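Q: Can you keep this structure in mind? I'll have questions shortly.
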Amino acid sequence: MKFVDEVSIRVKAGDGGNGCMSFRREKFIENGGPNGGDGGDGGSIYMVADENLNTLVDYRYTRHFDAERGSNGGSTDCTGKKGEDLELRVPVGTTIIDAGTQEVIGDLTKAGQRLMVVQGGWHGLGNTRFKSSTNRAPRQTTPGKPGEQRDLKLELKVLADVGLLGLPNAGKSTFIRSVSAAKPKVADYPFTTLVPNLGVVSVDRWKSFVIADIPGLIEGASDGAGLGIRFLKHLARTRILLHLVDMAPLDESSPADAAEVIVNELMKFSPSLAERERWLVLNKSDQILEEEREERVKEIVDRLEWTGPVYVISAISKDGTERLSRDIMRYLEDRADRLAADPAYADELAELDQRIEDEARAQLQALDDQRALRRSGVKSVHDIGDDDWDEEDVDDEDGPEIIYVRD
């Protein structure tokens, strides 16, 4: 199934039913009082997190959703039927954003979580409601209120404990195959991975964590080059990042240069994401001589001025992967214990998570704006000079209004 992690939809709640104007008419009762019933409330629309879904592809083809309208009221004080609520199922990890205001309406991070995105219109009142001591036969009713309507943007971020970073062909997919049962495609050419892959890594019998592999980054990714930059948002919810570096590139380029590219692109995309706990994992150690290994490790560590943990592994032969997996599990457990015991630490991480979300969304929005400008024939906003501004347009309120709609 095609992996889709961003869609735009329009949702419209049901209108409320109108109130009824009716009077009681029975045998021997010629002038009975009012008996018009109220209308029914319109149906609302809810987003529901479904653990069985992993893509938003269903919303790529069907984009408009309407809830049922409430029925009109009836005679003999009959209330109209309420419109049926509509549930839209989305994968766990979906963020719902108002496309008009860019306000985050909600974040569905748990299976079964339910969020109302538009509310149905209120019912109209029947003429019975307006009966009084001075008005015995009211002919007044009210119509149902219209239901809310919204344009929404749905963003899916995979939920994983560990995220993998690296250039194409750094061995990320091979690594995830070696430590989990996931079987992502592996080949000897760049960009083999086109969508995020998840794998569950079992440590001992009852312990496990989820690891996410995203398409590789390249130099200039923060400016829109390559595939990986749009998928970096999937690492926003991870607890730890593994920076994989190919120690023996086929083109004999410098591994230190490759490592530096990833660090720079990560900083440009989100400085806060770069603050996340990050471990350096030097892969493909089996392809270089043992006497050269230490020298190459030192070169990479010195170039990056690295002070964090460093692991030298070979994903294909599983050399060093078990130790790395156990250390990750230990770190995740210690982190969870500290979160429960230290409220200040929990607040600090929550604030970091929010900054990462905000920076990632702003960066992707800027890339979308840039793409829209290119489609309109403008390379960038800086290409619009002062000569393109007509001061006469300021007072011309009757002129045409041009609205540019971003795809």
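The backbone N, Cα and C atoms fix where each Cβ goes, and this holds for glycine too.
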Q: According to Swiss-Prot, region 'Disordered' applies to one of these ranges: 12-44, 375-407. Which one is it?
A: 375-407
Q: Can you work out which residues elsewhere in the same chain, 6+ from the ends of the compositional bias 'Polar residues' (129-143), have a Cβ less than 8 Å from its Cβ atoms?
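A: Sequence-distant neighbours of the compositional bias 'Polar residues' (129-143): 16, 18-21, 23, 31, 33-34, 36, 38.
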Q: To the nearest Å, how far is the Cα of Lys284 (GTP binding site) from the Cα of Ser173 (Mg(2+) binding site)?
A: 13
Q: Tally the residues of the region 'Disordered' (128-148) by DSSP class, grouping H, G and I as helix, E and B as strand, and everything else as coil.
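A: Taking the region 'Disordered' (128-148) as a whole: 3 helix, 0 strand, 18 coil.
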